[in-house]
Amino acid sequence: MENFPIINLEKLNGSERDATMEMIKDACENWGFFELVNHGIPHEVMDTVEKLTKGHYKKCMEQRFKELVASKGLEAVQAEVTDLDWESTFFLRHLPVSNISEVPDLDDEYREVMRDFAKRLEKLAEELLDLLCENLGLEKGYLKKAFYGSKGPNFGTKVSNYPPCPKPDLIKGLRAHTDAGGIILLFQDDKVSGLQLLKDGQWIDVPPMRHSIVVNLGDQLEVITNGKYKSVLHRVIAQTDGTRMSLASFYNPGSDAVIYPAPTLVEKEADQECKQVYPKFVFDDYMKLYAGLKFQAKEPRFEAMKAREADVKSDPIATA
């Protein structure tokens, strides 16, 4: 079996740059996922985020989750549960306006650490988007501009904990789905596994690795690249032992950003018989549709957007 792609970003600064860019290209085209090491976020920052996230779960969320499980009788289920996930979560919004001050139960140190971590992740996400531009033959900044809308991108972090589950064969930690947005940066537990992606009909484990950042591509990048890069189904398998920590940070288009295939990429494929044309739509409209269809196939979402394409009035962005 092929090895899960692990990319050392430091190698972009030396003689191995071309080979590293090729690895990123291959990961985007054939996996939709890759794992970054030497990504520039200090290990001590990540260690502090992990310590505070796990402490916050123990102090503020663990008991709440146990009460939820008891109230729904989940420990005694006999058949597969298809309408909920075995996870305890909260969401931090960073852009365009942060909600970190308003989220209840966070202590001041945790708020400050997460603000700093978010800034570092935002910078890394934008660096990655430019690397994708380079590999795609798009001008530098194209993807950031495509995501911008009138108020800049949406950026936020879903903080999740996946506690031990008595019936992991019947309840998923998180059901299979593709991500709706742009580019996703995941800081995951390095001891408790569970994340899997679907490749060539097989579920493949995403290996836990200390101080790494897992990257995956969302539906919007599939549209903008005209299918050259694809979002990939992934899920979290609940475990009988250990609580898995996951901080998934979503760098998404602004709500009013108009998303459509980059013209230069459509032109490059004009000679191909199987040219697939993706729709043009406002990102917020896609998200409203996704909210009810997250755990279903993405293709009907694209078709639904295509049916409403005539309503999209906004002009294309001025690059390409």
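Using N, Cα and C of the backbone, Cβ positions are placed for all residues, glycine too.
Source: prediction; values computed, not measured.
Positions annotated as Fe cation binding site by Swiss-Prot, on the basis of sequence analysis: His177, Asp179, His234. In sequence order, Asn216, Leu217, Gly218, Asp219, Ser231, Phe250 are the residues near Asp179 (Fe cation binding site), counting only same-chain partners six or more apart with C-beta under 8 A.
According to Swiss-Prot, the feature domain 'Fe2OG dioxygenase' maps to 153-253, an assignment based on sequence analysis. Computed over the domain 'Fe2OG dioxygenase' (153-253), the whole-number mean pLDDT of the model equals 97.
Listed in sequence order, Leu233, His234, Arg235, Lys294, Phe295 are the same-chain residues six or more apart from His177 (Fe cation binding site) with CB atoms under 8 A from its CB. In sequence order, Ala176, Thr178, Asn216, Gly218, Ser231, Val232, Leu233, Arg235 are the residues of the same chain, not among His177, Asp179, His234, whose CB sits within 8 A of the CB centroid for the Fe cation site.
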